[in-house]
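Copied over from TrEMBL, here are the features:
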- 28-64: domain 'Small ribosomal subunit protein eS4 N-terminal' (DOMAIN)
- 122-196: domain 'Small ribosomal subunit protein eS4 central region' (DOMAIN)
- 239-285: domain 'Small ribosomal subunit protein eS4 C-terminal' (DOMAIN)
Amino acid sequence: MPSFSLQCEHFEINQKRFQFFLETIMARGPKKHMKRITAPKSWMLSKLGGNWTTRPSQGPHKLRESIPLSVILQHKLKYALYARDATMILADKDGNIKVDGKVRTDSGYPVGLQDVITIDKTRENYRVLYDVQGKFILKSIKPEEAKFKLVKVTQKKVGPNNVPYIVTNDARTIRYPNPDIHVNDTLKIDLESGKVVEFLKEEPGNLCYIIGGNNIGRVGLIQHRERHLGSFDIVHVKDSNGKHFSTRINNIFTIGKGKKSLISLPDDNGLYLTALEKKQVKDHQEVEKQ
C-alpha cells in the first residue's frame, strides 16, 4: 500500500489534470454564432451563400427543431436580401411579424412546428410544417385557421400544492387540465385567449402527422400501437395510398378525428412517393395538359 503522503500527491496531480481538461473544453458563456455548414438541413440553406447564418435564440423550440425569423424572411418569404434587412423589418414599431398572435422583434426567435406566422400589412398567414423530405415549409392558411394552433402534450405532472399541470411541445404550461388529457394527446389552442378549445386522443382510427424519424412529414391513419416496456412504443400507420409504415410514438402528432384534418396539409398531402411514382405522376399531368 502506498503511503498517505503519496496518495495525497497523486490526488493533487489528478485534480490539476482535471482542472486543465475543464479549462480546455469549457466555453466562456453561451454560443452566439452558427456557421452555415452546421445549420440544420431542414432550413435548406445553400452552401455558397456565405460562411455564417443566424443562430436561433433560446425559446419555445429546440435549436435543431426550429428556424429563426431572420432565415424565414430571407429565404422562405423573400422579403429581405440580407440579415440587416430582416432585422429592420422586425424592429419596425408597427410590429410587422407576429408569431402565435404576439409581435416578435428578435431576428433569432425560434419558430417551430405548428407555429402561426401573421403579417398584417400583407394580410398573410402561414403555418410552419415539414414536407416529406423533412424540410421546413410555410403553408399559407386562411384567417379563420390562423386563430388556433395544435400542440402535443409532452409531460403531465403534479406540481407544488398538488396542482396538476401539463407541458406542451411549444413549452406551454397549462394548469388544471382536463383529467382525460394524457401524454401524446393533441390540444387545439385558441391563440387569442390561450385556452384549450378541444383535444384529440392518440388512438387507432385518428389522422396523424409524423414529426420526426425517417418518415417525417408523412400523414396517415393510426392502425395500432405496440407496447414495449422499458423501450419505445411503436405505432403503425397507413397513408391514403395504402402504404404501411411504423415509427416511435414520440414522432406521432394527432391532427384530426377520423380522416378529417383540423389543419391545412402541405401541397404533397403528406404522401411519400418514390422516384418512379413521381415520374408517373408527372407524365400523367403532362398527358392531361395535352
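Placement of Cβ uses the backbone N, Cα and C atoms for every residue, glycine included.
Listed as Cβ neighbours of the domain 'Small ribosomal subunit protein eS4 N-terminal' (28-64) (distance under 8 Å, sequence separation of 6 or more from its ends, same chain) are residues 70-71, 75, 83, 106-113, 115, 130, 134-136, 170-172. Within the model, the domain 'Small ribosomal subunit protein eS4 C-terminal' (239-285) shows a mean pLDDT value of 92, rounded to a whole number.
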